Amino acid sequence: MVYLKGVTAYGFKSFADKTHVTFGRGVTAIVGPNGSGKSNITDAIRWVLGEQSARNLRGARMEDVIFSGAENRQPLNYAEVTLKLDEAGQLIDGAAEIEVTRRLYRSGESEYFLNHNKVRLKDITELFLDTGLGKEAFSIISQGKVDEILNAKPEDRRQLIEEAAGVLKYKKRKKETESKLSETVGNLARVNDIIFDLEGRVEPLKMEAAIALEYQELLQEMKDADIQVTVFDITQLKTHYSRLEQEIKEYEEMILIKQDKVTRLEQQIGQAAADKSLAAAELDKLTARLLELTETIERTQGQYHLLAEKKENHAASTARLQRELTRLSAESREARQRHDDSIKTIDEAKQAVKQLRAEERALEQKLTALNSDVDQLVEEVRGNYYETLSEQTANKNELKLIERQLEQLAGYFASHKVDAADRDNYEQADKAHRMKQQQLTELEQQLTAAREAYKQEALKVSSLNQTYKTEEENLFKAYRYIEQLTSKHESIVAMQAEFQGYFQGVRAVLKDGSLPGIHGAVAGLIDIDALYQTALDIALGGQLQSIITEDEDSARTAIAALKKKKAGRATFLPLTTIKKRELPESVKLQLTEQAGFVGVLSDLITTDRRYQAVIQNLTGLTIIADTLPHANQLARIVNYKYRIVTLDGNVVNPGGSMTGGSLNQPSLLLKQKEEERALALKISTYKTSATALEAKVAALKEELAEAEHYGHTLRARGEALAEDRQEKMLELTQHEQKLAQLQRANEAFAELADRRQEHTELKEQAADLRQRVSRREEELAHIQQQLEDYTVFRTDSRTLEKEVSAELNDLRSRRIIQQERLKYQEEQSAQIQQQQTQLEQQTLELTAQNALTSVEEMTAKISELSTTLADMQHDRTTVQQQLETWRSELQAQEDSLSQARHHYNEGMRQISGLENGIGEMKARYSRIDVQLENLIYHLLEDYHMTYEAAAADYTDDSDIDALRKRVKLTKASIEELGPVNIGAIKQYEEVKERYDFLTEQENDLLAAKATLETVIKEMDSEVMTRFTETFKQVQQHFNVVFSELFGGGIGELTLNSDDLLTAGVDMTVELPGKKRQQLTLLSGGERALTAVALLFAILKVRSAPFVILDEVEAALDEANVVRFGSYLQTLSDDTQFIVITHRKGTMEAADRLYGVTMQNSGITQLVSVNLNELDHNKVKELTQ
């Protein structure tokens, strides 16, 4: 049978050292003084068996079970207990011995081990289920447990019987089964809801699927007929297309001949226009010269007449100016004399005012001194008197207070005496204490900093981890998107490599790599912005598939190959024969200024220099406009000579006809090329982004690893600092106790020293105060005499003050009068100065007039102007003659230019007629091209077939009209079906499949539900049977054991209801010689012995591998303790007992004795004695 072989504890509560307790069979008693840690052995066993309540382990938190430190011992970081069980075959098949270990860290992390293998708490719980060793079983009973058994509710007391009956595993399985049943019922309800929903969808979907199948059959029939009709139409259109293409070429050759002639006329017109411009320029130059000479002559004649008139008036003006200068000179001298006299008078007045102001200030100062000096002296003396008197009173009061304090200190010294030696010890201890406090503070700061750093690093790790995951997901998304784009790009490239969308003949030439001189199709050799693609598509149409060759020989070779292979037709453009066509520069300049003009199509196309002539031949005369109204306006400007295409595909043809409407789809060739270029750019962009993301993800991964490593370093540092802080706190606590003792002695000494210092200071203060009181008495007498003298002096000064005030008023009146005179003199001086300035100015002006040019100078100037006039009149006559000559030349140039323009317009009219013919043919050509494009696109878009593939598969065109009717009929039948849900076929299959699956699952769930209900009933039946049998046996044994332990009496167990699954257990007792009474009325010893009787009764029915009793007999008297010990010996044959006790009777009944001591504060130690190896007397000595 399983028995407890030993327990090993380390770091658990008071077991600071690794402690091993070995238990043998029989009874083992553990003894020791209170507080030595005996019950910690019980707690260790309860804890390793899976106890999760810290309260049941006599703690507040689970971390309290870890050794928290003691004197000279640091706290430990974890607690560990190992339970060793022998003969454990009934727990684990084939196991002779098992070890169960539990370990708890201060971080809260807990670990369980079974035979050194890590397991879960659930595994430990299930291992001991129904063995009597569970954490809630009856195998571990303390004094508190005794009261719990007696005070428990009947339903709780039932658990002891269930543990003995071994039904807990059935109840646990029943609970799990009920949970499965509840889950099954829930699943069944959900399945029923889904089935109900699907039942309403199956039939409608079945009908929709049937309609969809009929629709698909009709659609296939229409598809076959439509493809055959489309192939026939394309073939017919291709024939018309080729014929029109040949006619257009013939017209274009005629236009080229006419254009050469018009070009020569343009050159003649240009030369004539240049000559005309030269003549007009020369004419303008001579006209400007004639005008300039005329203006100069008129201006010179004016100067001549003006000088003659001035010469006549000069003599009279000179005499009048001389008289005026004489008068002004006399008036100026008089004004200067008066101004000098005024300046002298002003200086004298200023000196008088200055003298009066000085005398006035002197009297004011004297008066102020008389007013303030005496009053100030009196007030100062009176203030000194009051201040001195106040100080004298305060000094006397303070002296009386100090004398009383000195008397009190003398009494204190007589009653207090302290040894000074304690003071030095305290100072040393206090210094050491402050140092330890400083160290602890620094440690706490370091620990706080370490925790904060760890917290920040943890946040950083979390943030980095989130960022890493996000960026990694973005990288994977980029990879997936690049893969999608690449697949699509490769598909388009493959289509281009196969030249899909090209005519049969064009494709045959392009795919035949053996043909010489083939450069490629026009569509493949040009690039154009997406904005202009529609206009290019409409302008060129089928010419986009024209093949550019090196020369005519290359073209002929390719045509021969097509004929030989019967591969179709193609248009070839030899580089050696095709010439460029361009709009005249004058037309371009005229169009550039017009609204809506986008450009010439050839200027909007990008191509290799080798192909520019070909592209200009095809597009050089095509104008691009933004809208149709603007296109009409531009057509009128160019006189309807050129084709104009709008950005949305409308056309104004030469001659004025217009083509337009809606477009089905743009050219597949241009669309493929644009899409391939866009995809290539996208792939390149995303690959660049992916590369950057790869680098970013790699950097984030590295940064995350570094942050995690740094976080582990910070955590280890924090744990080390926490241990250091715990040591410092322990040292500080011990030191504080010692310091408190010394502090009390030091405080007494310090107080005595303070009192002595105070006594000395008070004596000095008293002596100083007595001296000050004496000095203040003398000062008061002196101040009183001064006050009387100053009062007499102030009366005399009042008379002198009145005399000085009268003299001051007289001086002020004289100063004001003198200031008014000074102001008047300054105003007169300013007026004289102004008059003098005006006279001097007039004199200067007259002098300047008199200094004009003399009569002799005027005569010479008049002669010079007369000569100049004669020369200029001769030049004007010459210019007039030249002007007439150039006018005749200009008329001749205009006649020549008019004749050249007439011939040019005639040539342009002929070209316009030819271009109109080409325009009409190209319009038909474009319509056929658009029809072909639409039909080919129809095959590609609707049926995903090329024309060539369709023509190869659909060759029956014998009755094309019948096929057209079939298309219409099947289309009408499809329309009659109305809206068709094609997805209904797949939906019906999916819903039907799911409906069948869920129906089958419903049946499985119903069967599972029935099975689970049957299992629950079987387990209930087994629990009731086992519980009933065990309860009857425990009931019988309880009455017997109770009578044996109490020496008589009756103990009864009864069920409080008929429900054997939930009935509680009631307990009633009748002590020997007493009536039956309630359990709450029993004494402590009687209650303990009753609970022990129930435990022994259960053990007789279901023996446990071992039982731990923690001072359960503490309340028993000696006689009952002997009975208790005797019964232990009786039961120890089948059950191993470990008893924690203080009672000698229990010790005597033990086979092995453990003594528990605590020699070092807070640390438990054990001493063991095997009592079976000692004689009986020695045992008594040990237990006394």
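The backbone N, Cα and C atoms fix where each Cβ goes, and this holds for glycine too.
Here is what TrEMBL records for this protein:
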type	residues	note
BINDING	P33, N34, G35, S36, G37, K38, S39, N40	ATP binding site
COILED	234-380	coiled coil
COILED	426-460	coiled coil
DOMAIN	516-635	domain 'SMC hinge'
COILED	683-786	coiled coil
COILED	822-903	coiled coil
COILED	988-1018	coiled coil
Exercise for review: Work out, from DSSP, the number of helix, strand and coil residues along the domain 'SMC hinge' (516-635).
Suggested key: 65 helix, 24 strand, 31 coil
Exercise for review: For P33 (ATP binding site), list the number of other Cβ atoms lying within 10 Å of its Cβ atom.
Suggested key: 12
Revision key, fill the gap. Ordered by sequence, the long-range same-chain Cβ contacts of G37 (ATP binding site) under 8 Å (at least 6 apart) are K13, S14, F15, V1156, M1158, T1164
Point to revise | Cβ-Cβ distance under 8 Å to S36 (ATP binding site), same chain, at least six residues away | key: V1156, T1157, M1158, T1164
Review point. Among all the protein chains here, how many other CB atoms are within 10 A of the CB of K38 (ATP binding site)?
Key: 22
Point to revise | Residues within 8 Å of the P33, N34, G35, S36, G37, K38, S39, N40 Cβ centre (excluding the ATP site residues themselves) | key: S14, G32, V1156, M1158, T1164
Revision key, fill the gap. Top of the binding-site residues N34, N40 by count of other CB atoms within 10 A is N40
Point to revise | N40 (ATP binding site) in three-state DSSP notation | key: helix
**Study point:** Protein Cβ atoms within 10 Å of G35 (ATP binding site), excluding its own
**Key:** 11
Study note, to complete from the structure: Averaging the pLDDT values of the coiled coil (988-1018) gives 81
Revision key, fill the gap. CB contacts under 8 angstroms to S39 (ATP binding site), restricted to the same chain and 6+ apart in sequence, sorted by sequence, are R58, S142, D1110, E1111, I1140
